[in-house]
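Here the structure is laid out as structure tokens; the discussion comes afterwards.
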Amino acid sequence: MASKPIEDYGKGKGRIEPMYIPDNTFYNADDFLVPPHCKPYIDKILLPGGLVKDRVEKLAYDIHRTYFGEELHIICILKGSRGFFNLLIDYLATIQKYSGRESSVPPFFEHYVRLKSYQNDNSTGQLTVLSDDLSIFRDKHVLIVEDIVDTGFTLTEFGERLKAVGPKSMRIATLVEKRTDRSNSLKGDFVGFSIEDVWIVGCCYDFNEMFRDFDHVAVLSDAARKKFEK
């Protein structure tokens, strides 16, 4: 069911719980093909790329069931979410094509917003929003796609700005939620994985623009943080 009270934004009510990855659960990076420019800085794999793809396909299926037949507007939070977003909408389009059910509306309309609240691995506490006029989302079903829910600050602040224009509903899709004491308790509605509080790279996650091209989600080494910290 697509309808959801705006005041429930960020509470995760009625969601299917994410795949829980226990603390200290890793794969040895030597068991994977790691590009030479990444190898010195990655020694632990948290989420293999194949697992990520399969999990995103399941999220797309859940989203399809929720919004089928409705006009869905999906907002990609740039640029960290681009990889997750592209994979998600590819699966959404494929699922609708072969679902066997006819719909008079496209599976989604895509939009892009640039938000920035991090430098190095720390939230600055200040949110910068670069986007078109948010009023286009008035009376629309909106799904915000973010790569990770960490402190929750970014999506809380952006959510407040979006609420002001009066969307019909607002939900969050994210690949990863961190279990961290720094969280403001914001929860996503469609969540791939629940992980411990470690800094991750790969599969579109970066550290100051490095490692986005790595195919797996890995834990960033101390050596990488020292070398690439700005």
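Glycine is no exception: its Cβ is also placed from the backbone N, Cα and C atoms.
Among the candidates Lys53, Lys58, Lys178, Lys227, the residue that Swiss-Prot names alongside Lys79, Glu146, Asp147, Ile148, Val149, Asp150, Thr151, Gly152, Phe153, Thr154, Trp199, Ile200, Asp206 for the GMP site is Lys178. Lys79 (GMP binding site) and Asp206 (Mg(2+) binding site) have their C-alpha atoms 10 Å apart, to the nearest angstrom. Least packed by the Cβ count within 10 Å, out of the recorded positions Asp147, Asp150, Asp206, is Asp206.
Reported as a whole number, the C-alpha separation between Asp206 (Mg(2+) binding site) and Asp147 (GMP binding site) equals 11 Å. Between the binding-site residues Val149, Ile200, the minimum number of other C-beta atoms within 10 Å of a residue's C-beta occurs at Ile200. Cβ-based neighbour count (10 Å, all protein chains) for Lys178 (GMP binding site) stands at 19. Here the CA atom of Asp150 (active site, proton acceptor) lies 5 Å from the CA atom of Lys178 (GMP binding site).
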